[in-house]
Amino acid sequence: RQRVSPRCRTPPACPHPISRQLRLTEEEKRLLAQEGVTLPRTLPLTQAEERLLKKVRRKIRNKQSAQDSRRRKKEYLDGLESRAAACSALNQELRRKVQELEKHNGSLVRQLQALIKETSNKAAQTSTCVLV
């Protein structure tokens, strides 16, 4: 069983094609320029160049991950804010309903007390019951 060279990801039966181009994204090019490094346009790369390219790609992945994390956090906070607003509105509505019911309950209590007072003031009347 033959091993694949660490510099080349193609099987050993295929010779290293010198014409293989190194394709970099604009972000990779920008970060490499920021590091002050220029990579050759053709493959294979040296181990140092590969390490540098991996470092740049890791930075890009980390940046994307951080952006995704901030986006998810913002969505989560927006959701919490909308839920808090909905709960506040519901709470306000329920408080209004409680006040309304307390007012109605007070009215019913007063009516009940008036009825009790009316019935207690009347003298007990005697009545005759006739059975046929």
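Any Cβ shown, glycine's included, is placed from N, Cα and C.
The average pLDDT computed for the domain 'BZIP' (52-115) is 96. The annotation domain 'BZIP' is assigned in TrEMBL to 52-115.
With DSSP classes pooled into helix, strand and coil, the tally for the region 'Disordered' (56-77) is 22 helix, 0 strand, 0 coil. Annotation comment: TrEMBL describes 56-77 as region 'Disordered'.
Per TrEMBL, the feature coiled coil maps to 77-118.
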